[in-house]
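S.K.: One structure, pasted below without further comment.
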Amino acid sequence: MKSAILVFPGINRERDMARALKLISGHEPAMVWHAETSLPKGTDLVVMPGGFSYGDYLRCGAIAARSPVMDAVRAFAADGGLVLGVCNGFQILCESGLLPGILMRNARLKFICHDVHLRVERSDTPFTRGYNAGQVIRVPVAHGEGNYAADEETIRRLEGEGRVLYRYCSATGEIGDTHNINGAAQSIAGIVNVRGNVLGMMPHPENHVEDIMGCTDGRGLFAGLVAHLERAA
């Protein structure tokens with residue numbers, strides 16, 4: 001799997017993501033500076049990592065979404081290429097129009113930084129094939145603006161089309177306000193586009209891929225991507 005990690009000013013999770021991708025795919029990802037106008041030849045996966053691109057000025061991800069490299073990302077996605085946006089990357093995907101909705105301030109107006117539980121809603125996508133439908137995984141979050149919001153029609157479409165892949169839940173998989181850490185609509189933690197090749201999610205699976213972290217639940221996402229691409233080759 002040949003992956004490319006986009007690097008914007010203020011991003012700070014690119015090395016975590018690179019370590020996870022290399023560990024699981026066996027290949028060193030390329031680092032692509034935001035001012036580039038093309039992606040490395042043969043790229044299979046584009047990743048937008050977490051951090052605070054451009055200091056989160058204007059809105060989280062708003063400036064990064066207008067970077068030169070994003071035209072290449074849009075073309076890549078339109079051609080069926082896999083795109084993963086984590087945390088600030090999710091915000092950039094929404095601001096760029098690759099995903100619907102927006103990420104707002106957390107409901108309690110506080111930065112959240114701890115492990116959470118997610119329920120995997122489907123196992124038949126490139127981003128979830130490493131899990132079972134209904135499986136509960138534990139991964140970290142670290143955000144102040146992860147409250148997913150969209151108009152009612154968009155939410156209905158996301159639900160009706162099965163485009164919600166991850167939801168905040170309890171350790172046993174229950175969904176509800178008690179377990180919805182940031183107030184996101186329908187406890188949404190991760191969604192895909194209509195075609196299913198672009199995923200945005202607030203939690204950080206890349207930080208739970210090694211035993212030293214005390215949990216390896218994030219491995220399934222990356223292992224599933226590798227398996228999907230190997231099968232498609």
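Here the Cβ of each residue, glycine as well, is placed from N, Cα and C on the backbone.
Okay, so Swiss-Prot annotates it like this:
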- C87: active site, nucleophile (ACT_SITE)
- H204: active site (ACT_SITE)
- E206: active site (ACT_SITE)
- 3-233: domain 'Glutamine amidotransferase type-1' (DOMAIN)
S.K.: Between the residue listed as 'active site, nucleophile' and E206 (active site), what C-alpha distance do you get in Å?
M.R.: 11
S.K.: How many other Cβ atoms sit within 10 Å of the Cβ of H204 (active site)?
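M.R.: There are 22 such Cβ atoms around H204 (active site).
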S.K.: For the domain 'Glutamine amidotransferase type-1' (3-233), report the average pLDDT of the model, please.
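M.R.: Across the residues of the domain 'Glutamine amidotransferase type-1' (3-233) the model's pLDDT averages 97 on the 0 to 100 scale.
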S.K.: Helix, strand or coil: which one is E206 (active site) in, per DSSP?
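M.R.: SS state of E206 (active site) = helix.
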S.K.: Please report the number of other Cβ atoms within 10 Å of the Cβ of E206 (active site).
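M.R.: I get 30 for this one.
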S.K.: If you count Cβ atoms within 10 Å of the Cβ of C87 (active site, nucleophile), leaving out that atom itself, what do you get?
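M.R.: Here the count is 29.
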